[in-house]
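To keep things clear, I will list the structure first and then write my remarks on it.
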Amino acid sequence: MIEADRLISAGATIAEDVADRAIRPKLLAEYVGQPQVRSQMEIFIQAAKRRGDALDHLLIFGPPGLGKTTLANIVANEMGVNLRTTSGPVLEKAGDLAAMLTNLEPHDVLFIDEIHRLSPVVEEVLYPAMEDYQLDIMIGEGPAARSIKIDLPPFTLIGATTRAGSLTSPLRDRFGIVQRLEFYQVPDLQHIVGRSARHMGLEMSDDGALEVARRARGTPRIANRLLRRVRDFAEVKHDGAISAEIAAQALDMLNVDAEGFDYMDRKLLLAVIDKFFGGPVGLDNLAAAIGEERETIEDVLEPYLIQQGFLQRTPRGRMATVRAWNHFGITPPEMP
């Protein structure tokens, strides 16, 4: 099993990227959630526009699916400039980045997704571009090689990453603004689901939007994916209108429970509870018990369960919390 196979995966498919583009907010006034980020960016953008400057370089980090690309689009729209988009793995050679930089207009935004995956050679080109708006290019090879400097227009680099710790210090230090996106609160997700439903022309009650939001794991991308599947269910099994009851029926059918857990989440927790009496259990034993690789458990399954307080990592192994026992209606053992 890989993360992309799961309905509640925070990763995006190409089809979802296209579908989500139509319902993304375009301006800060439409941006829901992340109140601290929103208020700070409003000030930074207004200040840059009043001075007639490019916005400082911006690093956005946080778990996948929280709207890093959306925020980059909003920044470009608010600044009234073009947005050029690429990603770390695509920029294989220094020339790839140089070509993008030399085609920028003044104050344009260059958005690099997965910026932690830039190669060292490409990263070296970014340093003078970010600091001095200059491009240092080597022409020729061997003894005949020479360096030339190309002046660049003032621009804004927006880097997005799910792994801020993987960025090198020299790159991280060149960002004047750093924003962390947090998991969304249920009321904010409910608002997002309702807005998406209206854009899709759906008849959906507030309670229906709330039911989807509760199971979306704090992630707008998951909320919109669940909404599309609930829409399918409502159109086939009912008259297309989505109430809380219909949303719950659809999500139960899709094996997404009230906490947003899918079959694999529940399988892991039940293995710890049933097979290992709540733990502690070593990672290798747990992997064998559920038929998954240890890397899948560590990187895909565990993080959300730990973050929500259903699983603990201890020096002796993984343990189910009281909250996990209660989730399945099982009485936890008495603590010695």
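Heads up, the Cβ atoms here are built off N, Cα and C, so glycines get one too.
Annotation source Swiss-Prot lists region 'Large ATPase domain (RuvB-L)' at 4-184, 24-184. Feature annotation from Swiss-Prot assigns ATP binding site to I23, R24, G65, K68, T69, T70, E131, D132, Y133, R174, Y184, R221. For T69, the entry in Swiss-Prot reads Mg(2+) binding site. Annotated region 'Small ATPAse domain (RuvB-S)' per Swiss-Prot: 185-255, in sequence order, evidence recorded as experimental evidence. The region 'Head domain (RuvB-H)' annotation in Swiss-Prot covers 258-336. Summarising the annotation, Swiss-Prot assigns DNA binding site to R294, R313, R318.
Here the features listed in Swiss-Prot are placed on the structure.
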residue	record	contacts (Cβ under 8 Å, 6+ apart)
I23	ATP binding site	R195, S196, H199, M200, N224
T69	ATP binding site	T85, F111, D113, A160
E131	ATP binding site	R174
Y133	ATP binding site	D151, L152, P153, P154, F155
Y184	ATP binding site	G33, Q34, L66, I192, G218, T219, P220
R294	DNA binding site	L283, D284, L286, A287
R313	DNA binding site	E302, I306
R318	DNA binding site	V272, G279, P280, V281, G282, L283, L286, E302, L311, Q312
Span of I23, R24, G65, K68, T69, T70, E131, D132, Y133, R174, Y184, R221 around ATP - largest C-alpha separation, Å:
37
Write out how many residues of the region 'Head domain (RuvB-H)' (258-336) are helix, how many strand and how many coil, based on DSSP.
41 helix, 9 strand, 29 coil
For G65 (ATP binding site), name the DSSP secondary structure in the helix/strand/coil scheme.
coil
When the pLDDT values for the region 'Large ATPase domain (RuvB-L)' (24-184) are averaged, what is the result?
92
Given the DNA binding site residues R294, R313, R318 in the record, what is the largest Cα to Cα distance, rounded to whole Å?
14
Write out how many residues of the region 'Small ATPAse domain (RuvB-S)' (185-255) are helix, how many strand and how many coil, based on DSSP.
51 helix, 2 strand, 18 coil
